Amino acid sequence: MAVHRSLLNKPTWCRVAFWWWMLVMVMRIQGTNGKEQDSVIKLPTQEVDAESDEVGTRWAVLVAGSNGYGNYRHQADVCHAYQLLIKGGVKEENIVVFMYDDIATHELNPRPGVIINNPQGPDVYAGVPKDYTGESVTSHNFFAVLLGDKSKVKGGSGKVINSKPEDRIFVYYSDHGGPGVLGMPNMPYLYAMDFIDVLKKKHASGGYKEMVIYVEACESGSIFEGIMPKDLNIYVTTASNAQENSWGTYCPGMYPPPPPEYITCLGDLYSVAWMEDSESHNLKKESVEQQYQSVKQRTSNFEAYAMGSHVMQYGDANMTAEKLYLYHGFDPATVNFPPHNGRLKSKMEVVNQRDAELLFMWQVYQRSNHLPEKKTDILKQIEEIVKHRKHLDGSVELIGVLLYGPEKASSVLRSVRTTGLPLVDDWTCLKSMVRVYETHCGSLTQYGMKHMRAFANICNSGVSETSMEKACVAACGGYHAGLLHPSNTGYSA
């Protein structure tokens, strides 16, 4: 296009106005010649496409199911998710946040009052509402909030998901897990069948149009495997299948590393994968399926499954064609971002969720050289943790021997059911067996959650509660759990 020479002699503001006018005219010409082309660069304030944004109200429940500075990453994940939704236009009044809220001001936090979820990331803590913190972070409150039942909430802000039939709900959970369970900082744990029953009840009440659930936890697939209906208008992805660990990342001593002053992991592999994906794409263009495929690849650590996991899908597969903005909202700053791109193609070093605690403790120990008394105390704590882990592993194995004999014990306890079958046939039995075990052998802890499959298999094989109790007494007689007895920690079932 020729530009008249006289224009070059005009003041700067005139030249800017001319080019602005030309840009508008090009856009109008594109619009009159049919459907607007994706190649046209749009302004953040422009409509992305003709698709209506009338989607009812977007709601979200964000849950960090742990506490303690060693579990920094779970609250960081949830705070990051909150900021992403806010940028997408989801209203604060429609987002319910569960987090213990003990890491931002923790004495070990090198940036007091700040939480980050990426080594170069911004503070994600500022502005996050403290709906349910401390002792109010419970599975009971989570269920009450999701059902919109204020009368059942105990403590906290009282905010609930008061959704209507035309509304959409996004649920995100990050913490430790085990076969059939998700952790909570206050006992009991969240059991899979209880969660599914709540989802069924929410659906029966007509309390939403569609729901998307993301779950970050070890063995998170077991929460839905064989028990998640396909007709609830709910789509689920999980960080792992029913028998895998999930992974912490951005950890000290690993690549990519956190800032050198941090002694704990900043995020979780599946969680940072979906959030960093959402932040780098136009969510009015990217579908649920496209994000699933991207997150699946990254969470597998690009098919390095020894240091990654299989992201799984459950529920209503018909929802995968929907655009993500229906749940995460739309950030106008991403208007010119592609629906998918090749960002973050490199592998990441990770740590097993259950070993992240020991990694953190070891970092504290190594950085306490100038404080010999503290170093001795930390070493003692590490030894106690390892001792209890060995006790948990050994006692469960011995219980199996007492119930099934030495030849069959290991195969029965570790047996994994065929894909499509639930972990256990009788969930009440599972809870009973866990309580019997913890009474005599001590709290399972976030590490011992991995033994839930053994207790489920004990139920599936028809062992009575009386026989289980006798085996637990024989296996754990004389063991003193101390602070790890359920009288101090609470029962996980």
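In case you wondered, yes, glycine gets a Cβ from its N, Cα and C as well.
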Candidates C251, C265, C476 - disulfide partner of C441 as recorded in Swiss-Prot: C476
Partner cysteine of C251 (disulphide bond, per Swiss-Prot) from C218, C265: C265
From C459, C472, partner that Swiss-Prot gives for the disulfide involving C429: C459
Which listed residue (C218, C429) has most other Cβ within 10 Å, given these are recorded positions: C218
Spatially closest candidate among H176, C251, N318, C429, C459, the listed recorded positions, to C218 (active site, nucleophile) (Cα to Cα): H176
Neighbouring C-beta atoms (10 Å sphere around the C-beta of H176 (active site)): 28
Subset of recorded positions (H176, C251, N318, C476) lying within 10 A of C429 (disulfide bond), CA to CA, in sequence order: none
Count of other CB atoms lying within 10 Å of the CB belonging to C459 (disulfide bond): 21
Assigned element (helix, strand, coil) containing C265 (disulfide bond), judged by DSSP: coil
Close in space, distant in sequence - C265 (disulfide bond), Cβ under 8 Å, 6 or more apart: Y72, R73, G248, T249, Y250, C251, P252, P258, V351, A356, L359, F360
Sparsest Cβ surroundings (other CB atoms within 10 Å) among the disulfide-bonded residues C251, C441, C476: C476
